[in-house]
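As written in TrEMBL, here are the features:
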- 19-271: domain 'ABC transporter' (DOMAIN)
- 347-369: transmembrane segment (TRANSMEM)
- 381-403: transmembrane segment (TRANSMEM)
- 424-448: transmembrane segment (TRANSMEM)
- 460-484: transmembrane segment (TRANSMEM)
- 491-509: transmembrane segment (TRANSMEM)
- 578-598: transmembrane segment (TRANSMEM)
Ligand SMILES: Nc1ncnc2c1ncn2[C@@H]1O[C@H](COP(=O)(O)OP(=O)(O)OP(=O)(O)O)[C@@H](O)[C@H]1O
C-alpha cells in the first residue's frame, strides 16, 4: 500500500519516545463502579492487572480486546490522563518514570468521544487550535491547517459547522477525523488514539490508518491506538498488538507471532475471520506469557540509550507555551466570542428575556411609588428583591455551555495548549460587555416605569449594581461549573446555595435574628450587598432623605434616612458595597481558576 508523504511541520529534529509498562495494575473500589449499598462489603476490582507492554517509535501499536477489556483505561494511563499516583507499577518513557506534565505536551490523545465546539466550522476548529499550539503566527497556522484538511480528507467540509444533536453539522466519521486533526496540529511525537476508526466507513478508516502509518514510518512517531473490530487491510498496518482480556495482557508482540501462538494452542482460524478478530474472541484461552515483551528488544537497546539522554534534556527544559499570555487571551477571546454569539438560544434568550422582564416588571410594579413624595416601601422592597432573584438566577442558563466547554478546556490546558489564566481572562472579557448589555436591557425600561428616583445618577447607579449582580452570578456559576461533575448536580447545588443566599440576605430574616451558626451566610450572600445598594440609592442621599416611607413593618411616615437607619444600613456603604461585589466577582473567578488548574494538571480524568 502507498503511504501518504508526511513531513514534520517545524523542521526540528523529532525526539523519539519508547513507552513501557511493567506489571502495571489499576484497581477501583467497588464503591466507584457500583452504587453504594448499605452494609455491602467494599472490595476492589482490577481494571488492569500486571500488564507488561511496550510501544516503540516508528511503530503502530494496537491495543485490542473485547468491550470492557481495559483498552481505554490503559490508553488513559499511558496518555497521562489517569495520573501515575493512582496506578500500581511503573510507566516509563525512554526508561525514565513518566513525567505527566511534560509528556502531555509532547503527545496527542484522541478520546473516544468527539468533544468539539459545535458552532465552529471544521476549518475554524483546526485554525484556533493551530494558532494556540504553534509558534509563528497566523500564516504558519493557516499552512498547517490546509495541509491537515487535505491529509484527513476534510477539504470538502472545511466551511461546515461541527454541529450537535440539535444543530445538524458534519457526519460522525468527519467529526472523528476533526478530533484526530485537533490532536495532530502540533505535530506530537506520540499519538494515542482511542478507537480511531469508529464511525468511519472502511475507505475512510483505511485512509486515516495509512496517514498514521506514514507518520510512524517517516517521522518516527510512536503511535498507540485501541481497536475492537479491525478490518483485514487495517491489521496489516499494525507493527504490534497488545491483546487485553478482562484487564490481563494475553499478548504483546507481532500479529505473526499471535497467529503462531493461536495455532500452537490448537486453534483453527475460521475462513473469513482475520487473526486479530479471532484472537479477541478466544483471548481468554491464551495463557499469559511470562514476559510479553517480544524478542528483538536488543535491536532497540542502542536507540533507547540515546533516546533516554535526549529525553532527559527535554525534561529539563522549562515547559513553555507557543504564545504569550496576551496572544492567548486574544485568540481565546475571539473563539469564545464566536461561540457565545452563535449560541442563539443563549444570546437571544438572555437579551430578549432581560428586555421583556424589564418591561413586564416595570408595568407590574408601576404603583410602587404612589406619588411624588411617598413610597409604598413594601412594594418597592419586593421589587428590589424580585429584581435580584431574576438577575442572579438568569445566569444558570449558561451552565450546560460552561460544562461542555470545560471538557475541551481541560483537554487543551492539560496538554499545554494555553494557560488557564488566559481562558479565565478571555471569558471575562467576553462576558463584561455582554452582561452589561443584558443589565441595561433590563434596567432601562424597569427603572423609569417603576418610578424610582427620577435622576440620571440614580439610574446609572442602579444599572451599575445590576451589571455587578449579573457578573457576580456569572462568576459564581462559572466557579460551580468548574467544580461539579455534571449538569444535574450543578443545578441542584447552585439552586441550593442561591436559596440560602436569598434566605440570609436580611430580607426575610433580619440580621439580628439570624442564628449565629448561619451568620457567615449573611455576609457571603450575593443578595445582601446589591439589595442594600438598591435601598441606599433609593432612600439615601439628599433626594432620598426628603422622601416619606410608609407601610414598612407597621411604621408609617419615616424619612428615607431614618428608614435606612432602622434597617441598619449605612449610607456610606453605597460605594463600599460595589467594592465588595467586585471582590466577589474576582474571588469566584480566582476560585474557578484554581479548580480548573487542579482538574487540568492534577486530575484530568
Ligand atoms: N471510572 C470507572 N468507574 C467504573 N468502572 C470503570 C471505570 N473505569 C473503567 N471501568 C470499568 O473498567 C472496565 C474497562 O473499561 P475500559 O473503558 O477501559 O474498557 P474498553 O476495553 O475500552 O471498552 P470499550 O471497547 O467498550 O470502550 C469496564 O468494565 C469498565 O466498566
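Glycine too: its Cβ is placed from the backbone N, Cα and C atoms.
Highest Cβ pair count under 8 Å relative to the transmembrane segment (381-403), across stretches 424-448, 491-509, 578-598: 491-509. Long-range contacts of the transmembrane segment (424-448) within the same chain: residues 328-329, 332-333, 335-337, 340, 347, 350-351, 354-355, 357-359, 361-362, 365, 387, 390-391, 394, 458-459, 462-463, 466-467, 469-471, 474, 478, 589, 592-593, 596, each at least 6 residues beyond the stretch ends and with a Cβ under 8 Å from a Cβ of the stretch. Model confidence over the domain 'ABC transporter' (19-271) stands at 87, taken as the mean pLDDT rounded to a whole number.
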